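Structure record follows, encoded as structure tokens.
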Amino acid sequence: MAFRDGKSDEQVLLKTTGLTKAFRGLVALRDQAITLRAREIVGVIGPNGSGKSTFFNLITGFSQPNSGQIEFKGRSIVGMRTSRIVALGIARTFQGSRLFGTLTVRENVLSAAQLRQPIGPIASVVRGPLYQRNVAAAEAIATELLDLMGLTDQSDRLAADLPYGDQRRLEIARALATKPELLLLDEPAAGLDSNETKVLAGLIRTIRDRYGVAVVVVEHDMDLIMGLCERIQVLATGEVICVGTPEEVRNHPRVREAYLGHS
Amino acid sequence: MSQLEYIIQQIINAVSLGSLYALVAVGLSIVFGVLKLTNFAHGDVMMVGAFTTVLLIGIGMPFAPAMLCGILASAVAGFLIERIAYRPIRNAPDVTRLLTSLAVTYILENLGILLFTSSPRNFPLPDILNTSWQLSGGAITFTNINVLTVALTFVSLIGLGWFITRTTIGLGMRAAAEDMQAAQLVGLNVNKVIIIAFIVASAYAGLAGVLWAAQAGVVQPQMGFTPLLKAFVAAIIGGFGSISGALLGGYMLGALEIFIVAFMPDVVVPYRDAIVFALLIAFLLFRPGGLMQPNREIKL
């Protein structure tokens, strides 16, 4: 399944400018700006409370910025409701697991696959040929993604019963089922051991190569970020302190000071 | 009359009463599941369905189509209530939402009183539904309306089970009930899911309202209050927000009430409702997640 042809690699996918969010006077994110091109893998790092999750919440419409712009594929998505933003092509996973625990593994992916294979309330009871086609397409997406994530054997288990590592991968599968162009991963390696983290990095690269999605990874795990990302943005107390390649970021004095402890 | 026949009779009574409780409780649970809202107006949506049916029978419509129109009227009422009253306060604090649902209750009841006065009206049940069956020389009796109640409950709940587990919309409803934010993130239009949940729950309220009124033989504007309270108890016993829990709770409550009346000493019988509500308090205190969700906490 190809989500789109890959010729527009250089096109700007996401562009934020002057993004600022304060909660009751406490600034969570100040004047953040990032430009993201198709098929890029970008990392956002920073200590706790540096504004990483706020950044994701703003992009996905869970909270509204006090000021600043968010453009996705050239159009402003500020103020848009979450389900529309997702329909435009942005998907995300959460810090910790936010699966539908009482649904099966397969149903979790299907719930997302139906976005691109819409089935109305009447069609879902009457069941004409279009319904059959859409259901088959959604099932095919689920089958492919569960296979990719190595979850095929677990298809009929309840999501809540999966081991933690499998839950994290299921969450990525569910996000991918909406056929995004931009995938936001919120601490995907949290709680994984170093081996699982390595597998995860490989999976993220495979996802990018196969589906042509751009990926933003918010992480604490420096190994994952440094090994995986082409560019990294470093946040500290809500402000961008540097942007660059892993090498540049590693050697940046303010990063060493603010994030890695000291030089 | 033998002991066995007496017991069979009581089982029939319990299943019949439990079906009504289950129908109402299921509707409450559907709304609570997706919206985390205790919808007090659910009882009044029952009343809308019952009144519509009675009025249509009054102008000469046969029972079955009149009942269908009643169910439809309830579904429309549920749609309007969600759209007008609940959607604007969806993200308000729980107290606001609870009070709004009480306000909707009072508005509907008073509207009913204005239109139809508060005195009960006869429910014109067709003769065929009043026909009673006598088994074992009259030791076991039941009427066709009992049979219809149980049959429609079974059929409609099987339909609901199918809808919830086998359709895409049902999948969306289960996902939204589990985690509203995550549901939005997989692209589900929450407004759509909630409105469908309301329509389905209200259609069940309509069906329950018609059957309740048909069994009672009367309709009146405040008729929704008692079934709402009982269904609330049933839903809590089963596990609020769980559809299978509501079903289980409904039948258990029906069985308990019949048991008290049929097998307890006469001195206890008048305390039937007190026992039932004591049970509610016990569940809220010691097992707030009900039978189906032992680990869950609920808040109203």
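Even glycines carry a Cβ here, placed using N, Cα and C.
Over in TrEMBL, the protein carries these features:
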type: TRANSMEM; residues: B:12-34; note: transmembrane segment
type: TRANSMEM; residues: B:66-86; note: transmembrane segment
type: TRANSMEM; residues: B:98-117; note: transmembrane segment
type: TRANSMEM; residues: B:138-164; note: transmembrane segment
type: TRANSMEM; residues: B:193-219; note: transmembrane segment
type: TRANSMEM; residues: B:231-263; note: transmembrane segment
type: TRANSMEM; residues: B:269-286; note: transmembrane segment
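Between the transmembrane segment (B:193-219) and the transmembrane segment (B:138-164) there are at least 3 Cβ pairs closer than 8 Å, counting only pairs 6 or more residues apart in sequence, which means the two stretches are in contact. Listed as Cβ neighbours of the transmembrane segment (B:138-164) (distance under 8 Å, sequence separation of 6 or more from its ends, same chain) are residues 1-2, 5-6, 8-9, 12, 15-16, 19-20, 22-23, 26, 125, 128-132, 170, 173-174, 200, 204, 207, 211, 214-215, 243, 247. Most Cβ pairs under 8 A with the transmembrane segment (B:231-263) among the ranges B:12-34, B:66-86, B:98-117, B:269-286 are made by B:12-34. For the transmembrane segment (B:66-86), the partner stretch with the highest count of Cβ pairs under 8 angstroms, out of B:12-34, B:98-117, B:269-286, is B:98-117.
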